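Novice: Sequence annotations record features per position, and here TrEMBL assigns compositional bias 'Basic and acidic residues' to 359-377, 386-404. Residues or ranges marked as domain 'Fatty acid desaturase N-terminal' by TrEMBL: 10-76. TrEMBL lists 349-407 with the feature region 'Disordered'. Taken from TrEMBL, the feature transmembrane segment applies to 64-82, 219-240, 246-266.
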Amino acid sequence: MSPSMKETSLETMEKKGEDVNGIMKKEQDMLFDPSEAPPFRINDIRAAIPKHCWVKNPWRSMSYVFRDAIVISALLAAALYFRSWFFWPFYWVAQGTMFWALFVLGHDCGHGSFSDNPILNNVMGHILHSTILVPYHGWRISHRTHHQNHGNVEKDESWVPMSEDLYNSLSSRTKFLRFKIPFPLFAYPVYLWHRSPGKTGSHFNPYSNLFAPQERKHIMTSTTCWIAMVVFLVYLSSVIGPSMTFKLYGVPYLIFVAWLDVVTYLHHHGYEQKLPWYRGKEWSYLRGGLTTIDRDYGIFNGIHHDIGTHVIHHLFPQIPHYHLVEAVSILNFWVNFRLLLKMFPSPSSKLETGCGADKSSETGDRKILPGAEEIRADSVSLNRESSVEHETRSLREQQRRDSILSDGSQPVFASQIRMSHFI
């Protein structure tokens, strides 16, 4: 999506008004400043999206369900036929990826982009999500909170930068499990039961503070469906044995969870140091949505229903997944002041994350946390810039960030924690 970086100096590129580190220059010597409001309105983008992109075709949506179900059934049949350790690793990765594809379709049901029929959406959502041990309504409601508050450091639901105080209050065990690979890759089931550190509530409890009183019946329904799936798995274990059940279902489930955690993290944290988190009056739905990131997953894009087109999805979750790619081209026309980062980290990439707290946190509305949630590539250049350009850009960005806080205070970061990130 983004054009390749040209092997020229940063200063030369800025004078020419060319793409600098994912920023399309509109004015000379003006870097994109995320602390300023976008030069357009969300209604401008909405009006430019072709009308057919908003049309939800239930038959087309169901065709993707049937496609995924056929692939899952074929993989299951192949595993039962071969039953060899040579085949199992392939089966686990492939089936886990297909579980992730089912999750995305259920996710569309939760947004109402599967069809215009709420009953069909909820029925299919329960079937798709319960099959992979996700409480449909419980997750749907918390995910709605995430979309309504994306980029808001105070109200967003998951993978939000921690304050320094919260980070320091965590036990050593919690820090280890939260930040040391591979444990964060499997955080999703824990999140469903206990949410993220610093938050309370459960996706299974109808009386959790996640839900309004009128939503309790929905949670009871979803939790009942989840329990029914657990009972089925227990019964299956009694028939074919726990070991075979784990190989057929348990390992693919773990692969699916890893997909979910990695993709969610990557869509809301970027190598770009210009992607902020907001608070208070500085936050808006549009500004928060523009802090999400598109990702290119290569051959997996079609398999998991183009979930990598994440910016347009966050701005307009009602658009069906099969229209997102077309809608992205419209979005790029408006967001030409910051071309969207689109990359898939290689196994040699490393994430360096920390927990940030703004000294002006009690009164400030703006929260720029580039150092707290930064993807750092030690052995690959994600934007294909030369090392000189990278160092120059980093220095310029540090100088720009130093001037952002209006009260003169500086961000304070807790200890940096390095994680090797892989898929």
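Here the Cβ of each residue, glycine as well, is placed from N, Cα and C on the backbone.
Annotations in TrEMBL come from automatic prediction, not curation.
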Novice: Grab the same-chain neighbours of the transmembrane segment (219-240) for me: Cβ-Cβ under 8 Å, and only residues 6 or more beyond its ends, written as numbers and ranges.
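Specialist: Cβ under 8 Å, 6 or more out: 126, 129-131, 133-138, 141, 203-206, 208, 211, 248-249.
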Novice: Give residue numbers and ranges for long-range contacts of the transmembrane segment (246-266): same chain, 6 or more residues beyond its ends, CB-CB under 8 A.
Specialist: 76, 79-80, 88, 91-93, 95-100, 103, 132-133, 158-159, 182, 184-189, 233, 236, 240, 293, 295, 304, 307, 345, 421, 423
Novice: Pop the mean pLDDT for the domain 'Fatty acid desaturase N-terminal' (10-76) in here, whole number is fine.
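Specialist: Here the mean pLDDT over the domain 'Fatty acid desaturase N-terminal' (10-76) amounts to 72.
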